[in-house]
Amino acid sequence: MSAAGANKRISLKLVLMVASAAFGGTLQYGYNLAIMNAPATFIQTFVNETFLERWDIQLKDYQVTLIWSIIVSIFSLGGFAGSLIAGPMTIRYGRKNCLLLNNVFLMTGALLAVTSRAAKSFEMIIIARVLVGINAGISMNVQPMYFGESAPKDLRGAISLSSAVFTAFGVVLGQVVGLREILGSESCWQYLLASNAIPGLVQLLTLPWFPESPRYLLIDRGDKEACIDALRRLRGCEVQSSELDEMLQEQAETKGMRARRPWELFTDRSVRWQLISVMVISSAMQLCGNDSIYFYASYIFKEAGVADDRIQYITIGTGTCELSACILCNLLVERKGRRFMLMGGYILMTVWAVVFTIALLYEHYTPWMPYISMTCIFTYIISFGLGPAGVTGVLPTEIFNQTARPAAYMIAGSMMWLNLFIIGMIFPFLVSEVREYCFVPFGAVCLLSALFVGFFLPETKGKSLSAITSEFNKLNFKGQEEKCVSPDKPLYQLGEVSLSTAL
């Protein structure tokens with residue numbers, strides 16, 4: 001389809017649906033990463049005071065750091081739990097209703113956070129972090145699925161990548177709200193932790209006005225009329241017969257098949273390399289260390305030699321960099337393709353990790369070297385936003401069919417959250433113990449990820465599911481005859497008649 005044809009299919013309803021779902025969805029992930037940096041010292045003092053008041057125990061520095069690491073990283077375990085229940089929830093309730101129900105976890109967590117100080121309970125903060133983690137884990141799985149199934153094929157990548165744009169926007173918003181002049185002060189940190197309820201409330205008020213995923217309505221529920229109505233509302237015009245035919249073809253291919261379970265994908269050779277790809281790329285997204293920068297921005301900038309009174313303002317620059325890069329990636333992904341953006345991002349991150357390590361080694365010998373270190377952090381984040389931040393969430397939608405997609409997102413989400421937890425727990429100790437070499441492991445992960453994408457991941461831009469499956473089968477059934485229908489031999493002839501005729 002031409003660019004002009006594509007533009008005609010971008011309706012106001014689709015844009016507003018994306019904004020509504022993302023504002024209470026993946027924005028929460030970025031927001032809850034960022035708001036923990038500003039009140040770090042205040043919450044650590046609160047923990048110490050609580051121990052002293054309850055048990056007359058004065059905690060040592062490493063014990064406070066350990067409890068703080070648990071408060072920060074338990075968010076990841078909540079996300080892991082959320083990614084596990086996201087699949088069954090989307091199958092039972094649908095994509096849109098799943099996002100709405102997800103706000104129960106968020107609101108409960110916000111209530112615990114805002115009352116934790118009055119109750120003198122740091123345990124309530126931990127439970128609140130688990131609950132908002134569950135909320136983020138569900139959103140990170142369901143929202144890209146909802147977008148990928150609702151967008152036209154030629155805009156699928158750009159619409160799905162808006163999840164990453166809103167994640168980065170959430171980071172910036174969290175950093176701004178966390179300024180000492182707003183909610184990042186000693187007297188307001190409990191309100192900062194509970195402020196994530198506001199985006200959730202916006203979603204609860206707006207998302208019910210938008211339709212469910214058309215693919216879910218047709219393939220999972222078998223409701224063709226509801227699917228057509230949803231397509232008409234999202235496109236702002238009459239439905240293209242070719243788009244409906246593609247959905248009908250997928251419905252025919254999956255007819256009589258139930259939704260797959262995660263463990264079933266591990267034993268299915270026909271999706272072996274699809275599964276390996278999403279597991280590797282989802283793990284790399286966290287093992288590259290980018291999101292840990294938001295958890296521990298103060299630690300990193302102190303190590304780079306930045307003055308304490310400037311750190312809170314400089315950290316806003318990190319989120320702004322990723323937001324700008326994600327917007328640029330959104331504009332380029334349909335031109336350059338997923339594979340190019342993903343591999344290019346990881347290659348650039350490898351380069352900046354090396355430069356950052358060199359800058360840290362020589363920061364005491366050259367007065368301007370700390371500025372090089374700080375620049376490397378920004379360029380590292382920009383490189384992440386240009387590819388891995390957005391493309392990672394798009395892949396499961398494009399390379400798995402409707403029956404396997406929820407299970408694939410469960411596996412991908414589990415890998416992402418488990419690795420975020422591991423990195424979140426070890427990062428402060430890594431910075432304090434390894435010091436100048438703290439980014440060497442992350443650089444190695446980025447290099448290996450770029451090599452994997454270059455050798456094994458096919459391009460998915462603008463391709464139908466059958467064409468993508470055919471490319472993966474060259475790896476899945478290497479040396480054997482392909483065990484799938486070739487994309488140039490469809491199950492039936494796609495209709496050429498208009499929708500009105502077909503109906």
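Placement of Cβ uses the backbone N, Cα and C atoms for every residue, glycine included.
Copied over from TrEMBL, here are the features:
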- 18-461: domain 'Major facilitator superfamily (MFS) profile' (DOMAIN)
- 12-31: transmembrane segment (TRANSMEM)
- 66-87: transmembrane segment (TRANSMEM)
- 125-146: transmembrane segment (TRANSMEM)
- 158-177: transmembrane segment (TRANSMEM)
- 189-210: transmembrane segment (TRANSMEM)
- 311-333: transmembrane segment (TRANSMEM)
- 340-362: transmembrane segment (TRANSMEM)
- 368-395: transmembrane segment (TRANSMEM)
- 407-431: transmembrane segment (TRANSMEM)
- 437-457: transmembrane segment (TRANSMEM)
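Among the listed stretches 125-146, 311-333, 407-431, 437-457, the one sharing the most Cβ pairs under 8 Å with the transmembrane segment (158-177) is 311-333. When Cβ-Cβ distances below 8 Å are used as the criterion, the transmembrane segment (66-87) is approached by residues 29, 32-33, 36, 40, 43-44, 47, 59, 98, 105, 122, 125-126, 129-142, 259, 262, 295-296, 406-407, 409-410, 412-414, 416-418, 420-421, 424-425, 428 of the same chain, each at least six residues removed from its ends. By number of Cβ pairs under 8 Å, the transmembrane segment (12-31) is matched best by 189-210 from the list 125-146, 189-210, 311-333, 407-431, 437-457. When Cβ-Cβ distances below 8 Å are used as the criterion, the transmembrane segment (340-362) is approached by residues 281, 284, 288, 290, 303-304, 329, 332-333, 369-370, 372-373, 376-377, 379-380, 383-392, 435-440, 442-443, 446-447, 449-450, 453-454, 457, 459 of the same chain, each at least six residues removed from its ends. Listed by sequence, the residues of this chain that lie at least six past the ends of the transmembrane segment (368-395) yet keep a Cβ under 8 A from its Cβ atoms are 26, 140, 144, 148, 156-157, 160-161, 163-165, 167-168, 277-278, 281-282, 284-285, 288, 290, 293, 300-301, 304-306, 314, 317-318, 321-326, 328-330, 333, 338, 341-346, 348-349, 352-353, 355-356, 359-360, 362, 412, 416, 439, 449, 460.
Here the transmembrane segment (125-146) has Cβ contacts under 8 Å with residues 21-22, 24-26, 28-29, 32, 43, 70-72, 74-87, 89-90, 95-96, 98-99, 102-103, 105-106, 108-110, 112-113, 116, 160, 163, 193, 196, 200, 213, 393-394, 396-397, 405-406, 409-410, 412-413, 416-417 of the same chain, all six or more residues outside its ends. If one looks beyond the transmembrane segment (311-333) by at least 6 residues along the same chain, the residues whose Cβ comes under 8 Å of a Cβ in the stretch are 30, 34, 37-38, 157-158, 161-162, 164-165, 167-169, 171-172, 174-176, 178-180, 184, 293-294, 297-298, 301-302, 341, 374, 377-378, 381-387, 389-391, 461. Across all of the domain 'Major facilitator superfamily (MFS) profile' (18-461), the predicted model scores a mean pLDDT of 87.
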